[in-house]
Amino acid sequence: QLQSKILILTICAAGIGGTFQYGYNISIINAPTSYIQTFMNETWLERTGVPLESNMVLLLWSFTVSAYPLGGLTGAVVAGPMAIMLGRKMSLLLNNVFVIIAAVLSGFSRMAKSFEMIMLSRFFTGVNAGVSMNIQPMYLAESAPKKLRGAVALTSASFTALGLVLGQVVGLRELLGGEESWPFLLASNVVPALIQLMVLPWSPESPRYLLIDRGDKESCISALQKLRGNSDLSAELEEMLAEQDAAKGQRAKNPWELFQNPSVRWQLTSIVVLSSAMQLCGNDSMYFYAAYVFQEAGIPQDKIPYVVIGTGSCELITSVTCNMIIDYAGRRPLLLGGYIFMAGWAIVFMVALSQQTQISWMPYLSMACIFAYILSFGIGPAGVTGVLPTEVFDQMSRPAAYMICGSLLWFNLFLVGTAFPFIVKSLAHFCYIPFLVVCVCTALFVGFFLPETKGKSFLEISEEFKKRNFKAQTHAVFYKGPEEIKSTML
C-alpha cells in the first residue's frame with residue numbers, strides 16, 4: 001500500500017502549500033480590518049501630522065484588498081511558463097518564495113510603521129495563490145490514475161475550503177485576531193509554505209510532464225512506479241505514449257494561440273464560460289452578506305464570527321462530499337445541479353431580504369439561504385471547474401489553458417469585489433439579480449454543450465471535442481461540392 005501512501009502524500013503536500021493558501025489568505029484579512037485601518041490612520045498622522053479622512057482610509061483599504069487579486073492575476077500569467085520550463089513540482093516548491101517574502105513584509109509592517117508593506121505583502125501572497133491555483137490541479141490530475149483523476153484533482157477545492165475555515169478560526173479574537181497580534185495573523189501564512197518545502201520534495205514529478213514534455217521515459221516509469229507501486233503499468237504507459245505521439249513535433253502553446261486555433265474552440269469556450277461563472281455567480285459575495293444577515297436574525301454581535309465559521313465549514317463539507325462522488329456521478333450532473341440550485345436559492349434569498357423587516361421569521365430564511373447557496377456552490381462549481389482544463393486540453397495546450405482560466409478567475413474576483421458594494425447600493429434587496437442571470441446562463445450552457453469526461457482517457461476526450469469543433473466544417477465541405485460542379489458545367 002506504499003504507493004497509495006505516496007499519492008496521498010503528494011496530494012497533501014501540494015494542497016497545503018497550494019490552494020490551501022488561496023482560501024487561507026482570503027479569510028485572514030477579514031478579522032483585522034478595523035485594526036489595520038486604525039494603523040493606517042495613525043501612521044499617516046505620525047508622518048504628516050494630519051489624520052486621514054475616512055474616505056481616504058477606505059481608499060487605502062480597498063487598495064490593500066485589491067492587491068491580492070492583482071497579485072493573483074500576475075501569478076496566473078507566470079504559472080504557464082513556470083510549469084513548462086521548471087516542471088510542475090519544482091514550480092510549486094519555488095512558489096513558496098513569494099509567501100515567505102509576503103510574511104516577512106506583513107510581519108514587520110507595524111515595527112517599520114509602514115502600511116505600504118502590508119499592500120506589497122498582499123500582492124506577493126496573491127502571486128503565490130495565482131501560481132498554485134493553476135499548477136496544483138494540473139500536477140495532481142497528471143499524476144493520478146484515470147479512475148481517480150476527478151477525485152484527486154478536486155482535492156484542490158477541498159484545500160481551498162479548508163484554508164477558508166482555518167483562516168476564519170485563526171482570525172478569532174482569542175487566537176490571532178486581536179488588536180495586538182494582527183501582524184502575526186498576516187504572517188502566519190508562512191507555516192503552510194514551510195510544511196510544503198519539507199514534504200513535497202519526497203513526491204515524484206508528474207509522469208506525463210516527464211514523458212511528453214521532457215521525453216524522459218526512464219524518469220517517467222520510475223515516477224509511475226512510485227505512485228502506482230507494483231500494479232501493472234503497461235496500459236497506462238501505452239496511453240501516455242499515444243499522447244506523446246499525438247504531441248510529437250509540437251511545442252507548448254501560448255494562450256493567444258489557443259484563441260486562434262479552431263481545433264480547440266469548444267474546449268476554450270467551455271473553460272472561459274465556467275471559470276468566469278465561478279467568480280461571477282456570487283458565492284464570495286454571500287460571505288460579504290453573512291455578517292449582516294446573521295445580525296438581522298438576532299445573533300449577538302460577538303457570536304457572529306463563530307457562525308461565519310459555519311458557512312466556511314459548509315463549503316468544506318460539500319467539497320469533500322463532491323470529492324467522493326465526482327467519479328461516480330460525473331462532471332456534468334454536478335455542475336448542472338450546482339448552478340440550478342444556486343439560481344433557485346438566489347430567488348428565495350432576494351425575496352427573504354426584501355421581507356426581512358416585515359415578517360419575523362424571514363431573517364432565518366435568509367440565513368438558511370446563505371448556507372444552501374454555499375452548499376450548492378461547493379457540490380459542483382467549486383471543484384469541477386478546476387478539474388476541467390486538465391481533462392479537455394492536451395499536454396501542450398494545458399499550461400496555456402490554465403493561464404487563461406486563472407487570469408479570468410482573478411480578473412473576475414477583482415471585478416466582483418470592486419463592483420459588489422455599488423450593486424448593493426443601487427439594487428438594494430435585489431442585488432442578486434446579476435448573479436441569478438449568470439447561474440441560469442451557465443446551467444443552460446452546461447446542459448446543452450458540455451460533454452461528460454468521467455472515466456475517459458485524455459485522448460478520448462480530445463477526440464470527442466474534435467467531432468464538435470469540426471462538425472460545422474464537415475457540413476460546409478459537403479455543400480461546396482455541388483456548387484463547384486455547377487459552375488464548371490456553365
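The backbone N, Cα and C atoms fix where each Cβ goes, and this holds for glycine too.
Keep in mind the model is a prediction, meaning the values are calculated, not measured.
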- Range annotated transmembrane segment in TrEMBL (choices 118-139, 272-293) is 118-139
- Report the mean pLDDT of the predicted model across the domain 'Major facilitator superfamily (MFS) profile' (11-454), rounded to a whole number. 89
- Query: Among the recorded stretches 118-139, 151-170, 430-450, which has the greatest number of Cβ pairs closer than 8 Å to the transmembrane segment (92-112)?
  - Reply: 118-139
